[in-house]
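Quick notes on the structure that follows.
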Amino acid sequence: MQNIFENCSYHSKYEPYFLNCTNTTNQCVLIQDVGIIQAIDFWANLCIPFTLFVIAFILNGYYLSILIPEFRKMNDTTKKQYIFVVSRGISSLSASSIMMVLRLLKMLSTSFTVYFLFFLIDDLSFYSLLGSYVGSTLLLYLATVRPIFYSIQISVRIVYKFALVNVLLAVVLAVTTAIFQAAEVSDGFFHCDVQHCQPIINIAMFVIIATSFLIPIITLTFVLVTLCFQKSRTQSIGNFTVDNSVYKSARTRLAWTLFTFTLISLTEMIPSSFLVNLRVEDTITICVNFYQADHLFIPAIMNSFQTLAWGIALIVDPLCALLFDPRIRKVWVEHVSRLSIIIGRSFEACCHSNLNKEIQDK
């Protein structure tokens, strides 16, 4: 059989996959496009996201190492404000760790069961994270706008129950979406073909993703606007009993949270809406997709952009908590002070040791 790429000035390691794709005269350009797409997938969907998820894992781990001991010291009134915050931190930590592992699984041939379990944990982390955002936002709203109702009617037990409901709903959604996602990348108890099954899955995933993100965004926007109006109202009626620092801290945290959520939602819904209208015949190793390789740049970029944004969002969330939560900020500032003292003493001891050695040599 004649090699269709033998006269090309550019040669790729992917040529053996497409030797039978003879129904084109533009094979030299198309094989270059395949190489570019694979490079985009390697760097923007594997290497860079893996680095971001490692950073997110370290930040969330450090944040939880501060938050959990502080949470244990809190009284019941303060704990009500931090139950969903702890849940959010745990979800972010597990999400970043699972996303790291999934990047590595893409390099291996894995069974449906393994993919399902990892997608299940991954989706469970993200859906519980979304619910934690909603829960913590509503509690923040009640604590600042309706403090009497919050202190009398909302007990720690009620907040724990809402947190449990959030986890149960996340489990139901995660099982559903994990089955769909695993069926796309590996054959399981049912086969998802690209002509009939995948379009339905794309639509279902788009509806689930859009609903999951719109609810937190609407909640965050409502509470943020309400807090701004509440501040103006208290100032206009001359109510100086309300601590303005409370409103300022709440608005700052909500603004950063809303920014993070908007970033996540856009990077989830835009690619998902694009995939709903995209018809893919089969995997990229099939001739049909080889012939349209020059049209696959946008799907590759969309998929990579989605992953990168999740990595950034998982970094922004604990970083905002470390910077804007006074209780957490106080602890890590003490850690930095102690570390600087230890480094200073170590440097001083090293200098003295070198100086004594020079004196002895003389």
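Quick reminder: no glycine exception, Cβ is built from N, Cα and C everywhere.
Computed from a predicted structure; not experimentally measured.
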Item to check | Same-side flag (membrane), D76 vs R253, source Swiss-Prot | outcome: yes
Excluding its own, the Cβ atoms lying within 10 Å of the Cβ of N23 (N-linked glycosylation site) add up to 10
Cα of N7 (N-linked glycosylation site) to Cα of N20 (N-linked glycosylation site), in Å and rounded, measures 16
Cβ-Cβ distance under 8 Å, sequence separation of 6 or more, same chain as N20 (N-linked glycosylation site); the residues meeting this, in order, are C287
